[in-house]
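Per Swiss-Prot, these features apply:
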{"type": "DISULFID", "residues": "C119-C202", "note": "disulfide bond"}
{"type": "CARBOHYD", "residues": "N194", "note": "N-linked glycosylation site"}
{"type": "REGION", "residues": "1-25", "note": "region 'Disordered'"}
{"type": "SITE", "residues": "W36", "note": "site 'Important for responses to orexin'"}
{"type": "TOPO_DOM", "residues": "1-46", "note": "topological domain 'Extracellular'"}
{"type": "TOPO_DOM", "residues": "68-82", "note": "topological domain 'Cytoplasmic'"}
{"type": "TOPO_DOM", "residues": "106-119", "note": "topological domain 'Extracellular'"}
{"type": "TOPO_DOM", "residues": "141-160", "note": "topological domain 'Cytoplasmic'"}
{"type": "TOPO_DOM", "residues": "183-213", "note": "topological domain 'Extracellular'"}
{"type": "TOPO_DOM", "residues": "236-298", "note": "topological domain 'Cytoplasmic'"}
{"type": "TOPO_DOM", "residues": "322-336", "note": "topological domain 'Extracellular'"}
{"type": "TOPO_DOM", "residues": "361-425", "note": "topological domain 'Cytoplasmic'"}
Amino acid sequence: MEPSATPGPQMGVPTEGRERSPEPPDYEDEFLRYLWRDYLYPKQYEWVLIAAYVAVFFVALVGNTLVCLAVWRNHHMRTVTNYFIVNLSLADVLVTAICLPASLLVDITESWLFGHALCKVIPYLQAVSVSVAVLTLSFIALDRWYAICHPLLFKSTARRARGSILGIWAVSLAVMVPQAAVMECSSVLPELANRTRLFSVCDERWADDLYPKIYHSCFFIVTYLAPLGLMAMAYFQIFRKLWGRQIPGTTSALVRNWKRPSVQLEEQGQGLGAEPQPRARAFLAEVKQMRARRKTAKMLMVVLLVFALCYLPISVLNVLKRVFGMFRQASDREAVYACFTFSHWLVYANSAANPIIYNFLSGKFREQFKAAFSCCLPGLGPCVSLKVPSPRSSASHKSLSLQSRCSVSKASEHVLLTSVTTVLP
């Protein structure tokens, strides 16, 4: 039997006094340690980015969850617009919970660490959430445009809104399938592929260079440029209708319309404690409806503007990269990296911005948020129910208050005119 060729003690050969040959250094492990220490470990400004991502993560999850709970627990908030707002919040929760952590790790390590399967799933879900957000905002604008500019052409209902939401998700899931089909995971350093996932990339793989140019040009037009243009025109007409002088929305027009009911009230000689005429009550209800519509339109315009600003950088950078082939041989790599990283963060910041907008521009959502936080944080005040009084009880309280103030016809006219001045912004 031949002696073993492996190093170590052999039978019958003394080992005392013999020195073992040193093992050869593992250059691959040393190289990986160098990459982690000097290249992959977050730098100072990247820690700021991590903190910003963490803040967006918690604000987006908590805020959008509260939006969904507020509408779910309060029947009076289940309007068509709020159904679409809940759908937008669900898309924001999806992209925040699944896509944000992956984007953060990719931006910091510049490596895809999640394998081949998630390389297809996560970008696909991100594209779906973008499509859902754009279509939802478009349906909100369309609903408001019909309700305010052409109320007799189309009547929006909760049932139609729910059907539209199902259609939005079905279309988004189907249209974004090509995004999942072209995503592939590969390693920049194939010799290290079996030892580490560092320097693996998840990127698009197309059969021809022409295909990505066509796809991303269409993606930019369909999911950003065209919808925003149409929504801008719709809200411009809504703005003119709600704030224009030609409609009965200004104080002078309201005063003129009120004169006739007040004169009739005096002629009929109604005494003390008389309620305002039905026409006067309807008139005041119209004024309040105008005020509510203005507030809602203002909030939705701000939501659309913030969405456009947050998605503009990444949309432009993707077109420059995929369509025009820029950034392949970038001389200033750090600047390009900073631009893409900041644009990625802006996309997720939009998900956190929406609940903040609702809080500042919607009194109903603000009340629900305050009630929820008062239950979680005792220092903010006593815990109150997330459900608010029904509109019927609130209306009866207001009716009693108005009745007590309408002692004579002149007094009722003064009260209503004062209400008109304060109701309209």
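Any Cβ shown, glycine's included, is placed from N, Cα and C.
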Three-state composition of the topological domain 'Extracellular' (322-336), taking helix and strand from DSSP: 6 helix, 0 strand, 9 coil
Chain-internal residues near C202 (disulfide bond), provided their CB is under 8 angstroms and they sit 6+ positions away: V106, W112, F114, C119, P123, M183, E184, C185
Cβ-Cβ neighbours of C119 (disulfide bond) (radius 10 Å): 21
